[in-house]
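Engineer: Sharing a structure, written as structure tokens. Questions coming.
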Amino acid sequence: MLGVCYYPEHWPEERWEEDFKAMRALGLRYVRLGEFAWSALEPTPGALRWGWLDRVLDLAQKEGLAVVLGTPTATPPKWLVDRYPEILPVDREGRRRNFGGRRHYCFSSPAYREETARIVALLAERYGRHPAVVGFQVDNEFGCHGTVRCYCPNCREAFRGWLRAKYGTIDALNAAWGTVFWSQTYRDFGEVELPHLTVAEANPSHLLDYYRFASDQVRAYNRFQVDLLRDNAPGRFITHNFMGFFTDLDPFALAEDLDFAAWDSYPLGFTDLMPLPQEEKVQWARTGHPDVAAFHHDLYRGVGRGRFWVMEQQPGPVNWAPHNPSPAPGMVRLWTWEAIAHGAEVVSYFRWRQAPFAQEQMQAGFNRPDFQPEVAFFEVQRVAEELSALPLPPAGCAPVALVYDSEAAWVFEIQPQGAEWKYLTLVFSFYSVFRRLGLEVDIFKPGAELGGYGLVVVPSLPIVRKEALEALSQADGLVIVGPRSGSKTEKFQIPPEIPPGALQALLPLKVVRVESLPPGLLEEAEGPWGRFAFGVWREWVETDLPPLLRFTDGGGILFRRGRYLYLAAWPSPELLFALCQSLAEEAGLHPRFLPEGLRLRRRGPLVFAFNYGPEVVEAPAPPGVRFLLGDRRIPPHDLAVWEET
């Protein structure tokens, strides 16, 4: 199904009914609204103006639209900030952030918790049983604009309490953090400060605990709202819209309190921000990288335990990337179908009409500010017609499982040991290779059940907890583990048995030395798939296992014991492709090399093919299959769907 984000408070009331009628005529079923409307609902303290929202919801019901109502807590009004200035967050440089944007609150603020409880309870009590309201979105894009980690006095006190609960005694904390180093020993939890503004780098264990604490604070704030909504809005779903390429919080943990996950898909903006070579950014400037949206669909399907929405889908140029090109004709339709192929229950577009004012006036919508339709309007009209004629089977399991860990991103942010080491870059490289091989990927948190997958990929897992080791030991298929896995304990220390730590139960080897390589300094390796150049990262390994791939100086780079493999370097694109292709063939997954820009996705017996490229491509469909959308020749920025039994 399809939906759209709408802001009735931005438009004259006489437009509302006309807009809702146009939404239904377009084929939209859902409308999200209200997530930034606190000042419109309560312009002065206690003076609640529900009337306009009452009328909006009644009109939506009349026109057959289902409403996802946002809690308005991402934008506390000016009067609230003036009354409680301490709710404003403090940045890493110790500066109090000002009113005038959005997300201007601290998750640890007691005053803001109280005000949140008041407005959310009032909203849920009034609309939790309204027939138009089918669900709630909690807040909006937790952590956007760098707001997960705050450095205010409230956070300091909350962090001290978090540490007391975790460690019990200050001696336990000192041992865990190794505070004997640089004379950092604490006598009491009340002496612990937030890890910022230090002369030299802060203690990495201190930083990691603070990152964990900050993520936990967001989760607690979300759960706090969820509980209020559950109490007052029976039978309504609750979700939150996560972001792309964002690791400051743990989405798997937060989503445990939601009915499903949602995310905001802006393929062009994300591609412009990705650490890609400039030629690739130009190549995909109007389409988005072929794997950027798919990666997040699969990630948030995993986060949502099999269920996800796209709450905001890009319909035109955005306003927040360094460069903001317009999508190529056909791409809004392609992105929509791709989300559906990956299992999205709803694709909702941002926004119905481009705002003529304020910060997002340069961000396109379905309609221009003069009320005339934009290009995306007609592409979505076509999708709605196609959807009505194409029954969709349930999405099944993929053949490849990938283990994703936000904590790993935190570890490498704190201690990268090399400027080019980026966790998400490594993860995305693995994911993208399997997409180029025509294979689907399911994404899991560490410790999730991995049975039934022919191939399990762990790009890097520095902290290997007991449940993660158990899940890997019980996996049915081949398991490939990437560099720096098992390199730290939960306390952010080198494990006593040295890396890969607990993974030595599966892979009897020791990483005895590591190095990071600057750009241009390359090592060469050779093996059964050819000769490859390596950069970024290398490890020296002691083991009795024979290496499958060697550096030219004799050091091993790839080791195997039974079903388990360890990769002791940052893989070059060429090696990664050859390795993953070989493992997929061994696992019986039938990989195939797709033309550049072509991607496949199965949904039950349906096979979707998406052409991100500028040329016509041939659909890799068996002879005689029936095409349900398109045909064997797929034009640029188009798709085809066929059925395979």
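Positions of Cβ are set from backbone N, Cα and C atoms, glycine also.
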Engineer: Please identify which of C106, C144 is recorded by Swiss-Prot as part of the Zn(2+) site containing C150, C152, C155.
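Structural biologist: The candidate from C106, C144 that Swiss-Prot ties to Zn(2+) along with C150, C152, C155 is C106.
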Engineer: Which single residue out of R102, R113, R164, R286 does Swiss-Prot record at the substrate site shared with N140, W320, E360, Q361, M362, Q363?
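Structural biologist: Record source Swiss-Prot; matching candidate: R102.
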Engineer: Would you mind ranking the binding-site residues N140, Q361, Q363 by how many other Cβ atoms sit within 10 Å of each Cβ and giving me the lowest?
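Structural biologist: With the binding-site residues N140, Q361, Q363, fewest surrounding Cβ atoms within 10 Å: Q361.
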Engineer: Indicate the candidate from E141, E312, E360 with the smallest number of other Cβ atoms within 10 Å of its Cβ, considering only these recorded positions.
Structural biologist: E360
Engineer: Give me the long-range Cβ neighbours of C150 (Zn(2+) binding site): same chain, 6+ apart, Cβ under 8 Å, in sequence order.
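Structural biologist: Expected: P89, V90, D91, C106, F107, S108, A214.
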Engineer: Looking at substrate and its recorded binding residues R102, N140, W320, E360, Q361, M362, Q363, figure out the farthest C-alpha pair and report it in angstrom, whole number.
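Structural biologist: In whole numbers, the farthest two Cα atoms are 20 Å apart.
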Engineer: What is the total of other Cβ atoms whose distance to the Cβ of C106 (Zn(2+) binding site) is within 10 Å?
Structural biologist: 25
Engineer: Report the same-chain neighbours of M362 (substrate binding site): residues 6+ apart in sequence with Cβ closer than 8 Å to its Cβ, ordered by sequence.
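Structural biologist: Those within reach of M362 (substrate binding site), by Cβ under 8 Å and sequence separation of 6 or more, are P317, N319, N324.
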